[in-house]
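The structure appears below as structure tokens.
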């Protein structure tokens, strides 16, 4: 109530049921997360081995002779195991398909979409992933920040994609648009309600509407008539298998888990009468000559139908669920929010998060046989000021010491977590000294019992003791925050240095790889160049060897003398038979390193490109006789 402002305990428990009784997820689902009410991640230093020594205690404890003083012992605590990654299960519904996705809570919403993209063959950009209990999220949202339960149900919408033409999808869409008439009979009062819901409504919405009509909380509703296929409250009516257009259902109030079915049917009306009217009965009790002791002792005990906690419960969470429900039915909706889970889990929630998020742990030890119990619970523990202060500053855990088996079980837990001295002190407490309220503070190497408050106290005294414990805790918390900030600053500096070193190494490696690639490329180009030169030289030698011998000056045949100028300005001469083909001249020029594919041979008067002439014609025919001067020019 202090955190969320929710006055109705049924609404609060409904929120818890929707989040699988995860208190952090339920509160953060109602309150914006930036308020920093609770955090679900555990951090901090790992507790070491046991240690014993003197501790401080509450000043208020020594001022009240009727209450026991604080224990002056540091109690051993077991070493905390490093937290393993938490896996989340998602059942994703898309049209007529269901896809199961399992991811770590460190993943993002975008990771889910990428998995669905492969499974459903739908682009992630076209998906709208709906069904989040904490509101709309984006692809970069980390699942851990949503404080989700282990099992989740989501659905995919694709408004930008056309609907499939299959008859099944068409029928499903038609069912979603239809209206269902639900004939709901309230079993206890034999009254029938006719309710209209669209096919897109969920079973959970139906149950909430029935809660508004019958005042039966969703967690207490016992239904008959739902189809076997309706296995999940998040399922829509269109796919749940309801008979169209009308379907008949019956709802009643769920009995206590320790009662038999026959007992619940016989006692249901009586329990409701007591629950609804006990406030008025207590106010008017003195008018009928009933004193407080009888009303809170014998009379209320006779009205109770079940114990606060089952005996020999295997699971502490289940036992505390019954404790919370029974406590609400006895003392009303305004009471401390009890932590549902084991004592070790309560330690984790209170002590082992970040220093700013840590809280004190308050352990309430109940005893039905004590004459102080009902007065303490109804007048002190359920006072609005106490409830609000506990909700803001404490993690409250409870246990019932009435049954001997439960008493022995708690003493065993007490010895393990707080030591034999504390356990022996609680063991020697008489029944009339109950209930007890233990205030625990977590330290670096131990858990310290700051104070033990007995049942014979007042609201003001109880508040003073709680505030005194908070003063001690706040001083220790400020030191822890300072140490944690300094440690985080050192770690940040180290991370920055490591990151700078890593970036430097990456830069050096990239530079070295670039140099290696450049050297390899140069070597490759050099190899290509050498191969090309060797090929050109082989061709040149081949042409040089294939040339006909140069005719002598005194030859009787007609001889043409050619003088050829190179691009560098050098000249070389040679004699050719006038009957030789022009190709012989080309081969000669190529043998000198000037292939005709790269160079053209030009005549002077008149200027002409000899390489464009027919190479099969003779020198006499192309008028390169008796002598001619040519020059070489590189082709563009």
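Using N, Cα and C of the backbone, Cβ positions are placed for all residues, glycine too.
Owing to the predicted nature of the structure, the values given are computational and were not obtained by experimental measurement.
Between the listed ranges 48-72, 73-97, TrEMBL ties the annotation region 'Disordered' to 48-72.
Here TrEMBL gives region 'Disordered' for one range in the set 456-476, 477-497, 498-518: that range is 477-497. Among the residue ranges 541-561, 562-582, 583-603, the one that TrEMBL annotates as region 'Disordered' is 541-561.
Through the fold, the region 'Disordered' (541-561) approaches residues 573-580, 584, 587-588, 590-591, 619-620, 624-628 of its own chain, all at least 6 residues removed from its boundaries and within a Cβ separation under 8 Å. Averaged over the domain 'UBX' (555-632), the predicted model has a pLDDT of 89. Assigned with DSSP, the residues of the compositional bias 'Basic and acidic residues' (487-497) fall into helix, strand and coil as follows: 11 helix, 0 strand, 0 coil.
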